[in-house]
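Annotated disulfide bond per TrEMBL: C56-C61, C359-C362, in sequence order. Residues or ranges marked as FAD binding site by TrEMBL: R152, T154, W165, S217, H220, R252. The feature active site, nucleophile is assigned by TrEMBL to C359. Residues or ranges marked as active site by TrEMBL: C362.
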Amino acid sequence: VTGVLDDCLCDIESIDDFNTFKIFPKIQKLQERDYFRYYKVNLKRPCPFWADDGHCSIKDCHVEPCPESKIPVGIKAGSSNKYSKAANNSKELEDCEQANKLGAVNSTLSNQSKEAFIDWARYDDSQDHFCELDDERSPDAQYVDLLLNPERYTGYKGPSAWRVWNSIYEENCFKPRSVYRPLNPLAPSRGGDDGESFYTWLEGLCLEKRVFYKLISGLHASINLHLCANYLLEETWGKPRWGPNVKEFTRRFDPAETKGEGPRRLKNLYFLYLIELRALSKVAPYFERAVVDLYTGNGQEDAESKALLLDIFRDTKSFHMHFDEKSMFAGDKKGAKSLKEEFRLHFKNISRIMDCVGCDKCRLWGKLQTQGLGTALKILFSEKEIQSLPENSPSKGFQLTRQEIVALVNAFGRLSTSIKELQNFKVLLQQTR
């Protein structure tokens with residue numbers, strides 16, 4: 001893929017260079033730091049849309065949760081200590097735990113009132129969320145060390161995996177049932193129609209709905225790239241060898257093998273990269289404030305993590321061909337508001353579909369990447385709130401939980417890796433020709 005992307009004035013070569021030389025090395029380093037490597041997730045939530053078709057029993061689908069003893073003390077203490085070091089003395093950790101349980105509500109209230117307060121707070125918070133968030137207080141929610149559970153090909157495929165993607169595209173991408181997606185194994189084949197009616201339909205959509213489809217397609221392409229780049233090549237004497245599988249890559253992305261569909265998918269990956277890059281440049285003021293600490297309990301590590309994050313923000317701001325989200329939801333106020341709400345609910349639904357993924361490792365990375373994109377959308381639609389943040393106190397108008405921060409950075413890290421892997425496949429394909 002080369003040239004300019006649709007719906008924005010940016011070319012692929014500029015993104016490749018910017019990602020390779022500026023973003024990729026730094027985001028790799030950031031993902032290895034304690035604050036960003038531990039992600040709390042509930043992999044036991046039931047699928048809300050259809051009867052579970054059984055969990056994948058392939059050993060590579062398994063996710064190894066992290067023992068409590070390994071989690072840095074500052075992360076375990078929950079979110080109430082996010083802002084001040086003073087709140088992190090061990091005596092106060094207990095108070096934090098207590099405050100967390102009460103939702104920081106006066107303890108003389110009856111239990112019923114406490115529940116009501118917590119529900120209200122949750123409702124208020126959920127108004128700007130694009131994702132169904134896992135309840136971190138659930139006994140089923142566990143910390144996972146992302147570095148020990150890398151995203152790669154697990155062998156999970158076939159009807160169960162297709163059903164998840166199908167339900168995402170068919171029911172949540174504003175698509176009428178009469179328009180068939182190209183190369184969809186679950187849709188009836190339509191003879192000579194190579195998806196032309198699909199693309200005619202897509203072109204006829206308003207920018208926002210077209211963007212929504214591209215984001216989902218870009219996420220799908222990115223996940224497929226990770227699986228091709230980290231494929232189980234052979235297993236001799238129980239020693240697995242993982243690496244890039246050119247044949248698998250060709251099957252999923254080659255124009256000849258995909259009837260021209262592959263390059264479109266890859267362009268959508270670049271588009272998604274631009275959207276998340278834009279969100280990072282927009283959220284910088286939130287983290288630049290002294291009150292925001294990436295707190296793990298290790299002062300030096302925390303300072304280094306924050307410095308590295310701010311360095312990445314500086315790079316994102318230096319990129320000169322950002323996507324301009326001001327063109328989105330720019331119509332009349334009422335229409336724009338209802339379209340934004342529709343957008344949010346569709347995306348929220350997609351985050352719930354991730355609980356239907358049968359392979360735990362795929363579910364973990366699916367949840368993390370949709371939450372990362374949901375957080376990016378939340379940022380792009382909260383520009384005014386971010387600009388008016390108070391310097392020295394936690395903000396009421398715009399908040400990010402640790403979960404959202406970890407998902408945002410790791411999801412962007414995955415996209416950065418995809419674009420880097422794409423360079424590697426270009427080289428490998430030239431060698432095989």
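In case you wondered, yes, glycine gets a Cβ from its N, Cα and C as well.
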Cβ atoms near C61 (disulfide bond) (within 10 Å, other residues, all chains): 19
C-alpha spacing of C362 (disulfide bond) relative to R152 (FAD binding site), in angstrom: 8
T154, W165, S217, H220, R252 filtered to the binding-site residues whose C-alpha is within 10 Å of C362 (disulfide bond): T154
Top Cα neighbour of C359 (active site, nucleophile) in the set of binding-site residues T154, W165, S217, H220, R252: T154
Neighbourhood of R252 (FAD binding site), C-beta criterion under 8 angstroms, separation at least six: N224, C228, T258, G262, R265
Cβ neighbours of W165 (FAD binding site) where a neighbour is any other Cβ within 10 Å: 18
Count of other CB atoms lying within 10 Å of the CB belonging to C359 (active site, nucleophile): 23
Site diameter for FAD, Å, by largest Cα distance between R152, T154, W165, S217, H220, R252: 21
Residue pair C61 (disulfide bond), W165 (FAD binding site) - Cα distance, angstrom, rounded: 18
The one of T154, S217 whose CB sees the fewest other CB atoms within 10 Å, among these binding-site residues: T154
Chain-internal residues, separated by at least six, CB under 8 A from H220 (FAD binding site): W165, R265
